[in-house]
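First comes the structure, then the notes that go with it.
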Amino acid sequence: MSLDHVLRLTVRFNVGAYLGEADLALPKSSSLAEMIPEIVELCGAPRISRPWQATTAAGSPLDPAVPVHQTPLDHGSVLVLTPRHEVPAPVIKDAAESLVADDEAPLAHGMSVAAALVGCIGLMSLVSIWQPTSQALAAGSVAALTVLVWHRKSGLLANTAIVLATAAAAIAVVEASTISASDTNPWWEQSLTLGWAGLAASGMMAAVTAGVALVGLLGARSTTAMGAIVVLSTVASAGAFLPAHAAELGVASAALMVAVGIPLIGMTPALAARCAGLKVPRLPTAGQDLSVADHIQDDVGDRARRALLVHEGLAIGTALALIPAMVIIGVEGSGFAQALCLSVAGAVSLHAARHRRLVIAWSLLSVGLAASVGAVLAAVLSPSHPSQVLLAVMVMAAAVSAPLWTPRVPELEPTTIVWWERAESLAIAAALPLAAHLAGAFLLIRSLG
């Protein structure tokens, strides 16, 4: 037979556990439907009750009714024969059946949690008729925790219980001071009352968060976010115990929070890796046993994912604490307050631009935007010099034009990035002494002499 009238192919059979293969010369003018019975008998393949499906090696189906030379097969190609498997035809549904067929489990879960939150609010409203506000909040927290014990998959209920317990502790201190204190000033002007209320709230948040996290009812992200808030709120509470002549009430607490929060942002990656148990691979030094580099963590992937969640939680908690602090500092209105807001805005915004995780970048950018708003508030509320207004205009001009210049940031040269990092370091170096000044640290040091 002339080679012009035949096609040399490799025929493979995939029938269950049977895998056969044969090199055959098939006539080009014949179709696969005509040749498959003889090919099966020639190769000794098992007989099946289903029709044969002819495909290429990549799985593309071949038309068995056309001559072989009209198919994509060529000399040396692979012809695969398998039993045909019928694909079920799609079932046409009307609008009602289509709605029923959709998965509504997330919607039902969210609706149940919303109902539980409404129930907690209603319970607090009823308890407040006969009991003080602090006890009403405590009742709502206990109700949320009770539901959470039986329904462990709701992080929103856990966060709600923590917030209600924290508010109950703070308000309990305020109520006690209102009853027993001889000071005629309102409670928001009593520094000691605010300080003890803040410490009570921090302690309660730490206790409830630890308890909920230990029994597995709170994720790593929420736990670390609450932990960051506890640390920064404790530092802010300490500002209420400073002498009245050192700094204004509220501004000192916010400044102390900034003084601790800015370094905390820089230490967040190391803290996240340490909390997740990640270890840097060790390389042996000169003369050291090479076996020190043999130990590798088996669950490094899980630890890395846990570290990312911890990092996100620390960023969220720090942002939730620093955003109101920057607004309070801006309302203070002095030139030092505006300078601190500008320093924090520059440092945190430049730091956020280097992150690729969406949650972390947005958390840090929110702090930078709040600091920018604080800088504008300082110029609007009590401008002591025309330069304050000029700086505020420059900040807002940069914010308004952000859609124009931010797309070019990834295209910057490495040398430009180095200068940005130096500017970030300079902004941090300027922010810390400014925060100390607003907290009254320098005035306290001078009063010691």
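Yeah, the Cβs are placed from backbone N, Cα and C, and that goes for glycine too.
Taking Cβ pairs closer than 8 Å, the transmembrane segment (107-127) reaches residues 135-137, 139-140, 143-144, 147, 151, 153-154, 156-157, 160, 164 in its own chain, all 6 or more past its ends. Marked as transmembrane segment by TrEMBL: 107-127 (among others).
Residues or ranges marked as domain 'EccD-like transmembrane' in TrEMBL: 108-448.
Summarising the annotation, TrEMBL assigns transmembrane segment to 157-174 (among others). Long-range contacts of the transmembrane segment (157-174) within the same chain: residues 113, 116-117, 120, 124, 132-135, 137-138, 140-141, 144-145, 147-148, 151, 187, 193, 196-198, 200-201, 203-205, 208-209, 212, 217-218, 222, 226, each at least 6 residues beyond the stretch ends and with a Cβ under 8 Å from a Cβ of the stretch.
Proximity of distant same-chain residues to the transmembrane segment (194-218), defined by a Cβ-Cβ separation under 8 Å and at least 6 residues beyond the stretch ends, is recorded for 141, 145, 148-149, 152, 155, 158-159, 161-162, 165-174, 177, 187-188, 226-227, 229-230, 233-234, 236-241, 249, 253. Annotation source TrEMBL lists transmembrane segment at 194-218 (among others).
Here TrEMBL flags 225-244 (among others) as transmembrane segment.
The transmembrane segment annotation in TrEMBL covers 250-273 (among others). For the transmembrane segment (250-273), the list of distant contacts is 198, 224, 228, 231-233, 235-240, 242, 307-308, 310-311, 314-315, 318, 321-322, 324-326, 328-329, 332, 337, 340, 344, 347-348, 351, 364, 428, 431-432, 435-440: same-chain residues at least six beyond its ends, Cβ to Cβ under 8 Å.
Taking Cβ pairs closer than 8 Å, the transmembrane segment (308-329) reaches residues 219-229, 232-233, 236, 250-251, 253-255, 257-258, 261, 264-265, 268-269, 271-272, 275-276, 337, 340-341, 344, 357, 359-360, 363-364, 366-367, 370-371, 373-374, 377-378, 438 in its own chain, all 6 or more past its ends. The feature transmembrane segment is assigned by TrEMBL to 308-329 (among others).
If you look up TrEMBL, you'll see 335-353 (among others) marked as transmembrane segment.
Residues annotated as transmembrane segment in TrEMBL: 360-381 (among others).
Counting same-chain residues at least six beyond the ends of the transmembrane segment (426-445), those with a Cβ under 8 angstroms from any Cβ of the stretch are 239, 242-243, 245-247, 251-252, 254-256, 258-259, 262-263, 266, 329, 332, 336-337, 339-340, 343-344, 346-347, 350. According to TrEMBL, the feature transmembrane segment maps to 426-445 (among others).
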